[in-house]
Structures are given as C-alpha cells and as structure tokens.
Amino acid sequence: MSELIMNEKTDLEPQVPSVLPLLALRDVVVYPHMQIALFVGREKSINAVDVARNSDNLVFVVAQKDSLTEEIDHDNLYQYGTVAKIVQVVNHENDENCIKVLIEGLHRSKLKKIIDEDSYLTAEHELSPMTINVDKATQETRLQELRNLFAQYAEAKLRNARELVAAANKIEDLLQLMFFVATRVPLNIEIKQKFLEYDEFEAHLQELMNYLMNQSAEQQIEQTLHDSVKRQMEKNQREYFLNEKMKVIQRELSDMNGGAEDDVAEIEKRLAEADLPEHVRKKAEAEFRKLKAMQPASSEAAVVRNYLEVILDTPWNKASKVSINLNKAQEILDADHYGLDDVKDRIVEYLAVQSRVKKLKGPILCLVGPPGVGKTSLGESVAKATGREFVRMALGGVRDEAEIRGHRRTYIGAMPGKIVQSLTKVGVKNPLFLLDEIDKMAQDYRGDPASALLEVLDPSQNSKFNDHYLDLDLDLSEVMFICTANSMNIPEALLDRMEVIRLPGYTEDEKVNIAERYLVPKAIKNNGLRPKELTIHEEAIRDIVQRYTREAGVRNLEREVSKIARKVVKEAVSKKSKNLQLDVTSANLPEYLGPHKFDFGMAEDEAQVGRVNGLAWTSVGGELLTIEVAAVKGKGKFITTGSLGDVMKESITTAMTVVRTRADELGIEASRFEETDVHVHLPEGATPKDGPSAGLALTTALVSAFTGIAIRPDIAMTGETSLGGRAMRIGGLKEKLLAAHRGGIKLVFIPQDNVRDLAEIPDNVKEGLEIKAVKSIDEILPLALTSMPKPLPKTPIVKPVEGSKAARH
C-alpha cells in the first residue's frame, strides 16, 4: 500500500501545481479521500474558487487556528492542509454573497507560503503523502480492528449507524478508512488537525483507535447507569401506584368530614379567582393537588391547608394608589408635625420623583433621635401624606431570625415572619413599613435578626425576598420603609443600606410652639374640657419647659400639660361649675404642678475670678456649664472634681500648658506654677461631664485664677483648644447657642471653623446674641477679662560677664 502511495506521488506530483488558489476553512479539516460541502462567503475565497474552476479545479484547503478572525495570514493557518478537487459549485438559496462548493480531498500537502493576488489568495505548497511502515498482514489486522471499533461506536452514538458501518466495510484501503472514521467522530479542530499532521501512520491510527475504545467504555458505563435508573423508576412507579390506590381505599372507607370538604372547595374556588404570579400559582396548584389526595382529618392536610391559606391571603399583586399631590402631602406633614424640615423635604422629594418615574424603588429612611421627638408619629403622617397603608413593626427585644423570615413548614406550629404577616394584615403590597426601635434588636443562638433585615432593606435585593415559610419570592420593592432608632448603635452593614436623618431634639421655642398647637388642644379634648374653660399662656408653657421638664422630645411636656388639664377637670366637677374659665400663667403654675423640679441655668450678675460660663450639649438640649478654678498657695498639685471624664481631664491639662506657654505675656512668673495648687471644679458633681469642647473656657478660667483678674459674667464660650491655643471646631452649636440665649448671655465666643453652622441657628437667637468667631485664645482674653494683665519685663537669657573677652576660634 505504501508503494502505491509513493507511485501515486511520483505520477501525480507533476500534475499538481506547486501554487494553487487558497481556501481558508473555519472549524473544518479536509482529509484525503474525503468529500465535503463547504459554504464559501468571503470575497477572496469566492474569487479563488472561480480561478480554480477556470483552470484545473484544484485548490489548497487548510484550517484556520482562530475561526473568528476574518483576515487570512500565514500565522493563523495550520502547517498542513489538503490539495482538493472542486466537484460542484452551487449558488446559495438564501444568500447572494455565498456559494456552496463540493470538494474532494486528494493529497496531504505542507503550506510553505501565502501569495496575495489582490482579488484572491494563492498558496505555495509541497505534497507530503503519509507513509505506512507495516506489512500487508498487519494492515489487514488493523483494518479489521478499526472496522469493529467504529461499528461499536456508530451503534452507540450515531443515528445512521447501519449505513455508515456498511460504507466502512466496503473500504479496503486502511488510510482511506482511517480518514473516513476521523470525519465521523466529534473531535475538536486541534485533534483533527493532529491526525492530518502525523508523519507516522501508526501514531495516527493508534490515536484514533484509542479514542474509539474510550468512547465504547464510556458507553458501557452509561448503559449500566441507564439500566439502574430504569429499574429504580419502575420501582418508584409501582410504589406510587400502590400508595394512590391505598389513598382511594382510605377515602372510600373513612367517615368523610363535611366541613373539611367545604374547606377544600373554598380553597379551590379562591385559588381559581386569585391574582397570583406564575411561580406562586404553580406552587399553590401543586400543593392543592396534594391536599385533595390527603385524608382531610390528617395532620398533613391541616399543614398544607394552612400553607395555601397564607399564600391566598398574601397580597402578591394588589397595591394601593399612592398619592403624588405634593401640596397636599406638604400640608399633611406640616399639620401633624412642627419642625422636622429635613425629613419633610426628603419625603416630598421622593414624591416629586415618583410623579415623574412611575416605577421607583422605595427609599429606606432611618430617623435617629432621642425619645419623644416624634419619630414614630412621623411615620404615620408620611403614610397619610402618601396614601399608603401604615404598618408598624416593633423590633425592640427581637432576638429570633424567624420573627423576620418565618419558620420552615417542617416545624410544628410554623408560621410566616412578621413581614408577610403585616402585608397580609393590610392587604396591599406597597404599604409604609415602620421598623420601630431598630437599634434595640439583639442576637442569640436562634440567629441574628439584623442580618435577616439586610435583604429586606436592600432595594436591589428585596424584589425577591424569600420567607422561610412561604419558600417563594415576594416582591418588597414597592414597600416604603422607614426605620427609627435612638442611637447609631446599628450594625454597619444594615446602616449602610439606609439614609440616616438625624433628629437632634426640639429647641425651647419649638417645644412652646408644639405645646400651643398640638399638646394643649389635645389635652383639653382628651380630658373632656371645652377650649374656653382652660387657657395656658405662653409664659406658663415656657416655664414648664424650663423648670418642670428636661428632655429632647415633648413627652414629659405632654404629661405636665395633661396634669394641669386633669386638675382643672377635678375643680370643675367638684364645684359643679358650668361657666368655668381658668387661666394658667407663670405666677399660678406652681399651684398645678408644684415647686420647680429643675433649676433654670442663668448667668451670674457679678464678675468673679476663676469663674467662666462654658456651653455644654446634652441629649436633652444645651446648657450653661459653669467652670470654676481656684489657685492657692501649695506645691504645684492639680485637683479636678465634678465627675469629669478622661477627655475633659486631658482638656484641662492642655489648657494648663497653653497658659504656661503664655506666662510671660500674661504677667505670671514661672515659679507660680511650682508654688500654687490648682483646683478645677464643675458644679453638679453627680452629673458626669466629658468632652473636649470646654478647652477655651478652661484656659480663660486658669488665666483668671493665676492673674486674679475677674471674668465678665455676661459672656460664654465653647471650643476645643490646641497646645498652641488655636480654637478648634466643636459640635452641637445650635443647642449651645440656644442655652446661651436662654441664660441671658450677651457675648458668645465660638471657633472660626463653626461659622458655617450658624445657618442652622434661628434668627431670633442670632439677633439676641453677639456671636464672635475666634481663631485662638488670644482673641478671647482681651474681651472676656475685665482688664488685661501686664506682661513681665523681658530679661536676657544669658547675662554678660564683666571683663570677659571674646572667644577665639
């Protein structure tokens, strides 16, 4: 056979030109003795076919390495290809720019060079026939082995196995049979190309036979698995048939409960009428089929029946109409709450966007503020303003994740979580959800409810919220969530999903306004009084705020107002008076509420040495903070009293250093610091005090104590100080300035960096105070002290020695 090929090469080589038109193929390898139909669409390839047809119908075909590349170059073509003969050319039925070419492979050939003829490509090649280095008997053996292996493979993998096996049995040439088989197995382009490139015939044949043997082994394993699965399916079908037969017998023999039948019929009717998403309906119908096959009195039937009722009660597609009337919404918010402008603006902004964008994911607002400032009631007002149903979910003390996500149905007494329960209660899928006290959640061995809320509060994830009980995706993207908290003690991942709006607490003027507009009319109505029977004057309300309550919100203020109303009702009932008309003023207020509960911070009338007014921020607002410093003869000891925190103690140390660095300018001899004991005291010792914002006030008080110069009583100051005496920015400026205004202060010193915060200060406060922004303590002392100390005379550091001579170097 090898001699035949060699003779064939000798005879044909002069007949095959060394340069032929080139056809580059995608994902196809053409072997000798192989016929294949090709769809040719590239312009140069079509031109190459035309050139070949006009000469000897011979072309050089070779596979591309990268089939996605449009341009043809030598680097993207394999080294070996095939000289092929064009048998037939037909135009494509549906594409004018494509032709169908039937070719027959003739000889293996090696690509040497590509020549660009402008309109088509040619290939310079060299014929490279394969050699068979085995004797005749071995060839016959290999021929039969390859036929047998291909027959096994074809019967297992190929559709037209009988025709292909018959065709293979007719082939007597081993080389031709090898190429015939290689074209019928699903090998990738790299492996098929390797078959063409093998110089040794035996290696080519062995690779192909190994592949066929591996495929036969895989087929045997697959057949074994198929038989095993078939036997198991027959067993399962038999068990299913027997179980169904048993259920039918049980239904016939059991005493059927009419009420249970009615329940099933009712569920079937509701299921047919319900508006359910496709995935929910499929699940519900599957569960209903199970229910009909069960005995109605069984516990399993009760579980399935409850599950179906929850599905049918859940508002999957029912939504309430959301109001987008901005003016009406603003009126409702203003009528229900005084102040809280940031929150109102955010709600109105959301409604404005919703009026333009029909589909908008609900915002996640988190209102953080002290108790009693109206966080929860604000949620109700927002629901009313937007036309949404209102749902309040208290999270205080919740420790179990199942409270949020529900229990799985496998547990006895399982039920859905509070999210699904609340939606079922209101009957719509777009309510306003108020998650109250979100900072009060805890965790234990039952799970972490805060982590369960991560999915609920993420707008990009809550469209597919999965409750453990339902085990179905529920869309929460149209729910508007508002969370409330007293502090920022919220898990970081949860906090990141929310837009935090801080409610710092009401100012004194805001509390008075709220009492006049809301609390007093409410107390009169709730206690059965008529408006003309009780009048509480503004100065009395202000007195209640200052001397009977100390809070950031208005709850205690409401209690005190209600207390007055109850006493008035008692007086009216006891006297049986029909024309009762009482005025509550600042003068007669103690008759109703008793003596004052709190001292109202007021500035001193006289200037004192070592005593200065600081300004403090507390959870219930701002206060005047008196700072007292006494300097007495001693040994340089430093004493602090008044329940001071570590930060304030460090601030005192810093202030002392600031004074010592300015000792000469302030007229303080250096020895004074070693011979004087300093005592810093902040009155109301039972109240803990901390923070760095008293630095400027402490420095001023220390200067006054060491110099003996008094400090003006009508000034106050706030600000942290650096070692160089620079005034540094502080927080809570609004509350502090309100306290200064309330306490009769005339001049307030604030750091220069806090000027930007003055925009938040009410105009009546700014008009009643002289606010001076300073950069350092040096700007405060001339205005705060009643007089400036005289600096010490400057003395040279080194005194000259009489008669000394200049040093020589």
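Every residue gets a Cβ built from N, Cα and C, even glycine.
Taken from Swiss-Prot, the feature domain 'Lon N-terminal' applies to 20-216, supported by sequence analysis. Averaged across the domain 'Lon N-terminal' (20-216), pLDDT for the predicted model comes to 84.
Annotation comment: Swiss-Prot describes Gly369, Pro370, Pro371, Gly372, Val373, Gly374, Lys375, Thr376 as ATP binding site, evidence class sequence analysis. Under DSSP, Pro371 (ATP binding site) is assigned to coil, being neither helix nor strand in the three-state scheme.
For 606-787, the entry in Swiss-Prot reads domain 'Lon proteolytic', with the evidence type sequence analysis.
Positions annotated as active site by Swiss-Prot, on the basis of sequence analysis: Ser693 (among others). Counting Cβ atoms from all protein chains shown, Ser693 (active site) has 28 others lying within 10 Å of its own Cβ.
The active site annotation in Swiss-Prot covers Lys736 (among others). Taking Cβ-Cβ distances under 8 Å and a sequence gap of 6 or more within the same chain, the neighbours of Lys736 (active site) are Leu615, Ala616, Trp617, Gly622, Thr718.
The most crowded of the binding-site residues listed here (Gly369, Pro370, Pro371, Gly372) is Gly369, judged by how many other CB atoms sit within 10 Å of its own CB.
Recorded residues Pro371 (ATP binding site) and Ser693 (active site) have their alpha carbons 25 Å apart, per Cα-Cα distance. The C-beta environment of Gly374 (ATP binding site), restricted to residues of the same chain at least 6 apart in sequence and closer than 8 Å, consists of His337, Leu340, Leu503, Gly553, Val554. According to DSSP, Thr376 (ATP binding site) sits within a helical segment. Report note: the ATP site is defined by Gly369, Pro370, Pro371, Gly372, Val373, Gly374, Lys375, Thr376, and the residues of the same chain whose CB lies within 8 Å of the CB centroid of those residues, excluding them, are Leu367, Thr484, Asn486, Leu503, Ala552, Gly553. Close to Lys375 (ATP binding site) in the fold, though at least 6 residues off in sequence, lie Leu367, Gly369, Thr484, Leu503, each with a CB less than 8 Å from its CB.
Under the three-state DSSP scheme, Lys736 (active site) falls in the helix class.
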